[in-house]
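All remarks here apply to the structure that follows.
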Amino acid sequence: MKLMLALDVMSKNEALKIAEETKDFVDIIKIGYPLVLSTGIEIVKEIKNKTNKEVVCDFKVADIPATNEKIAKTTLKYADAIICQGFVGKDSVMAIQKVAEEYGNKGAPKKVIMVTEMSHLSAVEFLQPVADDLAKMAKELSVDGVVAPSTRPERLKEIKEIVGDIPIISPGVGAQGGDLDKVLEILGDNDYVIVGRGIYEHNNPKESAKHYKKLISKN
Ligand code: XMP
């Protein structure tokens, strides 16, 4: 099982410092609007240069196909993977997959990761009732990964059963209170545990990343 660092800090210096400090224990780095809107998309290149890790842009893209295509082109020029929402429907996700295919190559494929059920409390209001269908769509489209919640292990398990061998990327342990032990019972070698604040808000991000990596690797 792999550790994905959610680097949701707002300054370039802090981002690069934490990325470099934690790189020996982190498998892949996820950034999103907080960092990219504060510093610009070029930060992806700088993180990659500093760490030699893949960078995922968590933009939860949710627009019409024509706009999704433009967002994906700008993002995948820099990033290795992009996260999109599935609730907008198949054509919007496929527009991103088309860009990923065009921009990637065998040695450096570009990946499309789709959200099923989110990890926060209110995800149960609108998203949870359709999350199984979203997971089925993710399987049908053969996306490269799906996001499913560590905050609800029973749902994580159900979604994993639907998507089969598609890697799961799971946020919710650490600051959101997800139970890592339960999550470790469900996820497998190709899946990712996402930790953000539990690492970058820790007084020693390197030690925290080391701690999470050790816990995850024990399984
Ligand atoms: P924390 O600080 O809670 O960070 O460890 C979690 C990271 O994951 C993102 N996040 C999600 N992304 N679906 C997603 O695609 C989700 O359900 C979800 N929940 C949290 C969050 O933005 C942060 O980067």
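A Cβ is built for glycine as well, from the same backbone N, Cα and C atoms used for every other residue.
Features of the protein shown, as given by TrEMBL:
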type	residues	note
DOMAIN	2-212	domain 'Orotidine 5'-phosphate decarboxylase'
BINDING	ASP8, LYS30, 58-67, SER119, 171-181, 196-197	substrate binding site
ACT_SITE	ASP58	active site, for OMPdecase activity
ACT_SITE	LYS60	active site, proton donor
ACT_SITE	LYS60	active site, for OMPdecase activity
ACT_SITE	ASP63	active site, for OMPdecase activity
Packing count at ASP58 (active site, for OMPdecase activity) (other Cβ atoms within 10 Å of its Cβ): 28
Which recorded positions, if any, among ASP63, ILE64, GLY174, GLY178 have a Cβ under 6 Å from ligand 1, given in order along the chain? GLY174
Pairwise CA distance, ASP8 (substrate binding site) versus ASP63 (active site, for OMPdecase activity), rounded so that it is a whole Å: 23
What subset of the binding-site residues ILE64, SER119, GLY174, GLY196 lies within 10 angstroms of ASP58 (active site, for OMPdecase activity) at the C-alpha level? none
Quick check: in three-state DSSP terms, what is GLY178 (substrate binding site)? strand
Counting every protein chain shown, other Cβ atoms within 10 Å of the Cβ of GLY196 (substrate binding site) number 22
So GLY178 (substrate binding site), by the Cβ count within 10 Å over all chains shown, scores 23
